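Take a look at the structure set out below.
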Amino acid sequence: MESWQAPDLKRLGGQAVPLRLYDTARQAVHATEPHPDGARMYVCGITPYDATHLGHAATMVTFDVINRVWRDNGHDVAYVQNVTDVDEPLFERAERDGEDWVVLGMRETALFREDMEALSIIPPKAYVGAVESMPTIAALVERLVDAGAAYTVDDGTGDVYFPVTATEGFGSESHYDRDTMLRFFGERGGDPDRSGKRDPLDALLWRGEREGEPSWESRLGRGRPGWHIECAAIALAHLGDRIDVNGGGNDLIFPHHEFSAAHAEAATKAVPFAKHYVHAGMIGLDGEKMSKSRGNLVFVSRLRADGVDPAVIRLALLDGHYREDRPWTAELHAAAADRLARWREAMGMSSGASGTTTAQRVRERLSDDLDTPGALRAVDEWAAASLTGAHHDAHAPALVRDTVESLLGVTLLRAVFRQRTTSATTLDRSR
């Protein structure tokens, strides 16, 4: 699957700082120690039944900064992101709107790519859809069946499930108690009340063919995969048995990341599947999490269509720590616009305060579990000092600009991004 155009990245001088990140599984901040061959990161992507909202954008910006800090440290980064282009929400939206689910998925995936390019997100080396990966996914289900880590429900449906007893460490990523697991499982795509399962928490691996639903061939019979096995299969195929970071929003801690890790570990016996499980906080609006079910979404494409500079969107999302749930407000938006204007003014001067000191402070803050608010403050202080006209480092504006663009991903020369000619229907969310 096609990704998007990469932003320009400059190699910075000076001393990079190794990255430390909070690991959900170990519940503490630890150094990331990528393999000498390169860092490996898998981030769960969109289910393309609607446009990119600010919650998606915040997550993608988070892992983009990780990518940038690793690159600053000289690591080659193998970054893989999936597209869940076969799933119930996609089918339901397509049926509601009287549209082919394939066409809907392709259109919204194209819009997502445009949004990511506008936000200066470094594209993944492999941008992979579930549909194109179906043979790989089916093969992993078959592998789990052969290993005794799956069972078929005895009701003639052909549905195959993964038992929570298949791995000894189930629950070690989320640390949730059983009641919490059951609640989230039911709320986030699971089927705890499904009859015939050995345990209410057992997760679907393969859904047997149903009339009116898409299906694919496998040794287990025609059908389609469950959600969690898709990510496990794609990650294993493109990154190997163990990865450095498995990431997404904090609503994926359970069941999605718990089960995708368990699927991978049951198949490969490589434990843990990821050295770091990293989760971004939710973006809220009017005191509630931003979500499609609540209808309170702010779309990146709508902001762009209204003339909002993508750099302002990115700065606003960087203003809070990535692990915190935080609101999107008019005040946040306005503050980001003001900040960007000050930065651009300061970086347009012929000289300024010490750029070397500021660049190092930005590196130090980002390497400390992505302290983006601290990094922004470092640039704020440099801009304020430079705008007084009392400092005369002629190299500073260019150095700080390169630091901001390379590490924070904030574009300081405004760019014009293309809009799709078909965007009118996509951007009209009033229906």
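The backbone N, Cα and C atoms fix where each Cβ goes, glycine too.
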From H30, H75, H256, the one annotated by Swiss-Prot with C44, C231 for Zn(2+): H256
Where Swiss-Prot places motif ''ERGGDP' region' among the ranges 187-192, 319-324: 187-192
Candidate ranges 46-56, 79-89, 365-375 [criterion: Swiss-Prot lists as motif ''HIGH' region']: 46-56
174-178, 244-248, 289-293 - the range that Swiss-Prot marks as motif ''KMSKS' region': 289-293
Cα separation, W227 (L-cysteinyl-5'-AMP binding site) to H256 (Zn(2+) binding site) (Å, whole number): 8
All-chain count of other Cβ atoms within 10 Å of C44 (L-cysteinyl-5'-AMP binding site): 25
Among T59, N250, the one of these binding-site residues whose Cβ has the fewest neighbouring Cβ atoms within 10 Å: N250
Nearest-integer angstrom distance between the alpha carbons (Cα) of I283 (L-cysteinyl-5'-AMP binding site) and C231 (Zn(2+) binding site): 24
L-cysteinyl-5'-AMP binding residues C44, G45, I46, T47, T59, N82, V83, T84, W227, G249, N250, D251, I283: largest Cα-Cα distance, in Å and rounded to whole number: 23
